[in-house]
Amino acid sequence: MDDYRYRDNYEGYAPNDGYYRGNEQNPEEDAQSDVTEGHDEEDEIYEGEYQGIPHPDDVKSKQTKMAPSRADGLRGQADLMAERMEDEEQLAHQYETIIDECGHGRFQWTLFFVLVLALMADGVEVFVVSFALPSAEKDMCLSSSKKGMLGLIVYLGMMAGAFILGGLADKLGRKKVLSMSLAINASFASLSSFVQGYGAFLFCRLISGIGIGGSLPIVFAYFSEFLSREKRGEHLSWLGIFWMTGGIYASAMAWSIIPHYGWGFSMGTNYHFHSWRVFVIVCALPATVSMVALKFMPESPRFLLEMGKHDEAWMILKQVHDTNMRAKGTPEKVFTVSHIKTPKQMDEFIEIQSSTGTWYQRWLVRFMTIFKQVWDNALYCVMGPYRMNTLILAVVWFTMALSYYGLTVWFPDMIRYFQDEEYKSKMKVFFGEHVHGATINFTMENQIHQHGKLVNDKFIKMYFKHVLFEDTFFDKCYFEDVTSTDTYFKNCTIESTTFYNTDLYKHKFIDCRFINSTFLEQKEGCHMDFEEDNDFLIYLVSFLGSLSVLPGNIISALLMDRIGRLKMIGGSMLISAVCCFFLFFGNSESAMIGWQCLFCGTSIAAWNALDVITVELYPTNQRATAFGILNGLCKLGAILGNTIFASFVGITKVVPILLAAASLVGGGLVALRLPETREQVLM
């Protein structure tokens, strides 16, 4: 078998002229253009002359002459790297000029609306599990630990997806990897609505999280490469609005769908498709629509130029120019660019010997090659010349996520705590009551019965909710068709009593004494108690929290290019830290909702500025990788914030408030050490 030579995403180049050499073995592909239309065969001129692209035959002859020089290795790796860096700097300035010529118009806005759906999918993913859990826990009989793992697994998936898919986007392309991310998210999110078991549901949400975790880094890197310097800060901030729109969408859909228990069906006794599963499918729609729409958008020309694909990049830039000019009513305006500088390509050859003949062995070599390149690229971001910027950004991303996600979980938990305290304050206590021969068929709620005596009483088709019988004597009583939530019998004596078709299981009797009592045909299903939360309030709190960021988003978008990224980050984080101290006065549900809206509204500007400066600080071949690393650290901060802040609910408000404020102040001050990128071209 002939040896197989693999070059990872790179093509040969001619060092003397800097043009991209496409796949020279297929000249017909290079020769397709509308420019040559109408020529006779004898007079036909190669289309590349109009674009500044050499004829493939000339390229072949030059490469044949140069082959010995490359084989001899006259220029070392360091020389090639130096030339490449010089080429990249020239390309950055030329590309900025080209984007200015292309203008900002219909093409960018079309791409904008495609990408906002991808960002919405990311925002939805944060909320979908928390909204579905109150209903899903009953179907799947989830304990507190299982519910906690379900919330954690989504963030772990998003963290892994940001690392892996962000790195792949710098090697395989923005569009390709973003499509892959959205496909993974949409397919596994939809699949999770159909699976019945907890393990399968957990796995689907993990893979769905991996898919959506890669979207955020790629979306910002992709869109930034179609924007000019004057438009970049503002329009990336407009893009950031739609992350929070995902929260609004999820809240509205949960409010509209989940309470409708009839929106479902059953197949036999083992398969149930309830309304919360419909909600999960609806939440996968933004990713699905974005994935389909993305098929009609081109790859980033800046990425293609980085890969040395000059002609493909030129055609896309011409498409951007022509689309915008037609929309402005000047279709006659000609795209004047004929030649774009492309960086020297650092070829990597992987030789596969004839013994490596099976498809999976070749696939494994390709996989290991790409993995090594992604890993090396990530190390370059962390340990190369950008290490100080990466370290500072890591601190800012982490502290921002720790405080923001920690508080956004703490707010609804505190609201539930206030609800529980108010509920307990209305508890009725009955002491020493004696009831004989009564038939009870109504709901008993929020009561404590102590040292009572119930003789020959019947409890028929009734519901116990938050009821405690303590040191109570039951004699010749009868319980039938009884359901209960958070109801217990403690230190009771139960004599000659029958329990028929009830959910009063063994664990609900604590240190009780049974004498000649029987349990007949107990209710089947889950033996756990589940709280009936005020779903309306939960959805309303999330809806208002997401809606409150809209003013902050608009202000940050309008001021991003005027005051700069650093002032926006530092100012927003410091103001948010001050807002944290107002939480000491949040002693009611309404006050806590109000302070939540204020905090979210002031902190969003820092998030937008972080997205913009992260995109601008790194070159094209590290942009998505660095963004993915930092976004992965953000999800780690979110996990720690959720865990730490939730543990202090009902214990103290001091620790969460001081921790959030200190994190925001520290991160805001550290951010001021970053370089300002407002006037910087995109490298």
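Each residue's number is its place along the chain shown, starting with 1.
Positions of Cβ are set from backbone N, Cα and C atoms, glycine also.
Going by Swiss-Prot, these are the annotated features:
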- 1-10: compositional bias 'Basic and acidic residues' (COMPBIAS)
- Asn441: N-linked glycosylation site (CARBOHYD)
- Asn491: N-linked glycosylation site (CARBOHYD)
- Asn516: N-linked glycosylation site (CARBOHYD)
- Ser33: phosphoserine (MOD_RES)
- Thr36: phosphothreonine (MOD_RES)
- Tyr423: phosphotyrosine (MOD_RES)
- 1-110: topological domain 'Cytoplasmic' (TOPO_DOM)
- 132-148: topological domain 'Extracellular' (TOPO_DOM)
- 170-182: topological domain 'Cytoplasmic' (TOPO_DOM)
- 227-237: topological domain 'Cytoplasmic' (TOPO_DOM)
- 259-277: topological domain 'Extracellular' (TOPO_DOM)
- 299-390: topological domain 'Cytoplasmic' (TOPO_DOM)
- 412-535: topological domain 'Extracellular' (TOPO_DOM)
- 557-565: topological domain 'Cytoplasmic' (TOPO_DOM)
- 587-592: topological domain 'Extracellular' (TOPO_DOM)
- 614-626: topological domain 'Cytoplasmic' (TOPO_DOM)
- 650-653: topological domain 'Extracellular' (TOPO_DOM)
- 673-683: topological domain 'Cytoplasmic' (TOPO_DOM)
- 111-131: transmembrane segment (TRANSMEM)
- 149-169: transmembrane segment (TRANSMEM)
- 183-203: transmembrane segment (TRANSMEM)
- 206-226: transmembrane segment (TRANSMEM)
- 238-258: transmembrane segment (TRANSMEM)
- 278-298: transmembrane segment (TRANSMEM)
- 391-411: transmembrane segment (TRANSMEM)
- 536-556: transmembrane segment (TRANSMEM)
- 566-586: transmembrane segment (TRANSMEM)
- 593-613: transmembrane segment (TRANSMEM)
- 627-649: transmembrane segment (TRANSMEM)
- 654-672: transmembrane segment (TRANSMEM)
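Taking Cβ-Cβ distances under 8 Å and a sequence gap of 6 or more within the same chain, the neighbours of Asn516 (N-linked glycosylation site) are Glu495, Ser496. If you take the Cα of Asn491 (N-linked glycosylation site) and the Cα of Tyr423 (phosphotyrosine), they are about 25 angstrom apart, rounded to a whole number.
If you count C-beta pairs under 8 angstroms between the transmembrane segment (183-203) and each of 149-169, 278-298, 566-586, 593-613, the highest count goes to 278-298. Taking Cβ pairs closer than 8 Å, the topological domain 'Cytoplasmic' (170-182) reaches residues 8-9, 118, 121, 161, 211-215, 218-219, 221-222, 225, 287-288, 290-291, 294-295, 297-300, 303-304, 370, 373-374, 377, 620-625 in its own chain, all 6 or more past its ends. Within 10 Å of the C-beta atom of Asn491 (N-linked glycosylation site) sit 15 other C-beta atoms, taking all shown protein chains into account. Counting only same-chain residues 6+ beyond the ends of the transmembrane segment (238-258), those with a CB under 8 A from a CB of the stretch are 112, 115-117, 119-128, 131-132, 135, 216, 219-220, 223, 275-276, 278-279, 282-283, 286, 535-536, 539-540, 542-543, 545-547, 549-550, 553-554, 557, 604, 607-608, 611. Counting C-beta pairs under 8 angstroms (sequence separation of 6 or more), the transmembrane segment (536-556) fails to reach the transmembrane segment (627-649), with fewer than 3 such pairs. Contact between the transmembrane segment (111-131) and the transmembrane segment (206-226) holds: at least three of their C-beta pairs are under 8 Å, each pair 6 or more apart in sequence. Separation of the C-alpha atoms of Tyr423 (phosphotyrosine) and Asn441 (N-linked glycosylation site): 23 Å, rounded to the nearest whole number. On its own chain, Asn441 (N-linked glycosylation site) has Phe459, Ile460, Lys461, Met462 as residues at least 6 apart in sequence with a Cβ closer than 8 Å to its own Cβ. Sequence-remote contacts of a segment are chain residues at least 6 beyond its ends whose Cβ falls under 8 Å from one of its Cβ atoms, and for the transmembrane segment (278-298) they are 110-111, 113-115, 117-118, 120-121, 124-125, 128, 131-132, 175, 178-179, 182-183, 185-186, 189-190, 192-193, 211-212, 215, 246, 249-250, 253-254, 257-258, 263-264, 316, 319. For the topological domain 'Extracellular' (132-148), the DSSP counts in helix, strand and coil order read 14 helix, 0 strand, 3 coil. As a quick check, the transmembrane segment (391-411) and the transmembrane segment (149-169) miss the bar of 3 or more Cβ pairs under 8 A, pairs 6 or more apart, so the two do not touch. Between the transmembrane segment (627-649) and the transmembrane segment (149-169) there are 3 or more Cβ pairs closer than 8 Å, counting only residues 6 or more apart in sequence, so the two stretches are in contact. Counting C-beta pairs under 8 angstroms (sequence separation of 6 or more), the transmembrane segment (654-672) reaches the transmembrane segment (566-586) with 3 or more such pairs. Tyr423 (phosphotyrosine) counts 12 other C-beta atoms within 10 Å of its own C-beta, drawing on all protein chains shown.
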